[in-house]
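Under the heading active site, Swiss-Prot lists H468. Among the features that Swiss-Prot reports, compositional bias 'Low complexity' is placed at 22-40. Residues or ranges marked as region 'Disordered' by Swiss-Prot: 15-42. Residues annotated as topological domain 'Extracellular' in Swiss-Prot: 1-52, 141-159, 213-298, 365-373, 534-549. Feature annotation from Swiss-Prot assigns topological domain 'Cytoplasmic' to 74-119, 181-191, 320-343, 395-444, 487-512, 571-583; the stated evidence is similarity to another entry. Annotation source Swiss-Prot lists transmembrane segment at 53-73, 120-140, 160-180, 192-212, 299-319, 344-364, 374-394, 445-465, 466-486, 513-533, 550-570, citing sequence analysis.
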Amino acid sequence: MLRLFRFDVLETSTKDTERPNSKSSRLSSTSGSSHPSSSSRLTVRSAVPEKSAFGSIEFIFYFSVILSILTIACFKIHYVSSPKHPNYKNIEKYLKPGWLFGQKVDSADFQYSAFRENMPILLLVIIVYNFLWRLVKLVFTKNTNDELAIKNNYRLCFSLLFALLVYGTGVIYVLTIALINYLISKSLKNSIFNPLLTWTLDISVVFFKEYFAYCKFSSLHPGLGFLDQYTGILERWYVLFNITMLRLVSFNMDYYWSLKHNSEKLNTLIFDKDREPTTLTFRERVDYSCLDEDYNLKNFLTYIFYAPLYLAGPIISFNNFMSQMKYPTVSTLKYRNLLYAIRFLVCVLTMEFLLHYAYVTAISKDGNWNQYSAVESAMISFIVLFMTWLKLLIPWRLFRLWSLIDDIEPPENIVRCMCNNYSAVGFWRAWHRSFNRWLIRYIYVPLGGSNHSILNLFIIFTFVALWHDISWELFAWGWLIVLFILPERLCCFMSRRTGLTKHPYYRYISGFGAALNIYFMIICNLIGFAVGIDGIKNVLVSFFLTLKGAMSAIAAFIMFFSAVQIMFQIRVNEEEEGINLRC
């Protein structure tokens, strides 16, 4: 049972150790300071007790506080979701018949509801994909030793068919944009116009993607009108194009850097330095360039349309993807994929339980906050945020599980529970981890890294908001995160400069600041992903400007402080095991 929750179930590269003379170590030493919050790790180490203390009276008190408040929260959520509540009649329209003990299910989140309904189809596709591969392997690999080449051809063929099934003739638009990107990279090579045109084209498509709704084949030529009838499962191909855009930039930039800097090749590392391919670290697979001939059209199309990761990610760079097509990763953990599948199932069942017993999404969608007390509003908001985290986690892990079964290991998008974060930067690293790594590699470091950190953070989170969708809520979310990151970084810097980190009570001082940080992060993410700007006004007024609300805010702060002390200790235990997630 304990094996199920080991970190190497999530990611093979989590416990990779960098070799002191490797290129990855040199890159780490130069770019580590360029990371948006390399200082946050120091805060953790300084702020924690030196040995595990979960059995001490202090930590028993912390656990008691958290358990007490969570018990109250459960009763409150059960009440607001029951027919006894006065506002139940207004949220009932968002409820559908469920399968769990006669309870109705909350279907107010249309995006997750659509995924939930189509999950059996996706599972069937995964089974068919692996069955067909075994059939192809049986037929075509009898007289050849080049099994990997055949598998890569199979990946390409299936991925193109999968894209056609999903988008129908809309895949023609995606293919056209992809080929234009490929022509840019191949014609401009190491010219500065390669990245300039790549970024201009792809950001323009993301920005104006809604206009593609009005673009029909019949408007190009009446004879092409029949193509408009075959729209596929997802009629609007441009809705999920954002993920494809990241891959297009990755291919062009990796190819550009391989030529521009005459980067050392991965094959050189393996053969000239006598390295076993199975010992390659994640960083080495990303930083070392592929051979020039690997940046070809077939590999490009396989990477862009790779079926397991096509719809939602996680994001994997072209260099990493190509290296794994040639030298697959090997986990040292027995039955790793099975354990990962069990963890995925636990997440799905947790979500199902919440959807059947906590109708917080329906309450949030209804928006009638006046019907709820300050405590209830706070509990509803927190559970909405937790379910937002879960609704992203589940699709990411399903598609990543498919990829793992296919011997391609992308980064794990979420390595910590939402409730196990106290740093704004650490939270971002652990929330959409593969996207965070993409941002660092393709935006933050090229723009100068920590030399212009504040400006770069503003640019990055503006891009992230634009990438998600063009809305004031998301722009407010991005800019508020930058605003809240600045005092966190300033406090970390001043603590080290003044020697406060050596103070015996620094753990408690740091815990106080981290508890405030949690408040800020909850507010930001509620604005961006849950209740919006209008909704957050009602929550904040009821929570901070009423007597009962203020008392609840104090109780929540005590719980956050207690939780932070436990988070500190968790990270101490991880470091003792050689795990440093830097979040």
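First residue shown is number 1, and so on along the chain.
Cβ coordinates are placed from backbone N, Cα and C, and glycine is handled just like the others.
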Are there residues at least 6 beyond the ends of the transmembrane segment (53-73) whose Cβ is under 8 Å from a Cβ of it, and what are they?
375, 379, 382-383, 555-556, 558-559, 562-563, 565-566, 569
Run through the Cβ atoms and count how many others sit within 10 Å of the one on the residue listed as 'active site'.
17
Using a Cβ-Cβ cut-off of under 8 Å, list the residues of the same chain that are 6+ residues beyond the ends of the transmembrane segment (120-140) and lie near it.
147, 150-151, 154, 158, 162, 307-308, 398, 401-402, 405-406
Can you break down the topological domain 'Cytoplasmic' (181-191) into helix, strand and coil residue counts using DSSP?
8 helix, 0 strand, 3 coil
Let's see if you can do this one: DSSP helix, strand and coil counts over the topological domain 'Extracellular' (141-159), in that order.
13 helix, 0 strand, 6 coil
Within the topological domain 'Cytoplasmic' (395-444), how many residues are helix, strand or coil going by DSSP?
31 helix, 0 strand, 19 coil
In the same chain, which residue numbers or ranges, 6 or more beyond the ends of the transmembrane segment (513-533), come under 8 angstroms Cβ to Cβ?
364, 381-382, 384-385, 388, 421-424, 427, 465, 472-474, 476-478, 480-481, 484, 488, 491, 539-540, 556-557, 560-561, 563-564, 567
Top partner of the transmembrane segment (466-486) among 192-212, 299-319, 374-394 - counted as Cβ pairs under 8 Å:
192-212
Report, as numbers and ranges, which residues of the same chain sit near the topological domain 'Cytoplasmic' (320-343): CB under 8 Å and 6 or more residues beyond its ends.
3-6, 8-10, 12-13, 148, 152, 155, 266, 270, 277-278, 280, 282, 285-286, 288, 290, 294, 299, 302-303, 306, 397, 401, 404-405, 407-410
Per-residue pLDDT averaged over the topological domain 'Cytoplasmic' (571-583) comes to what?
83
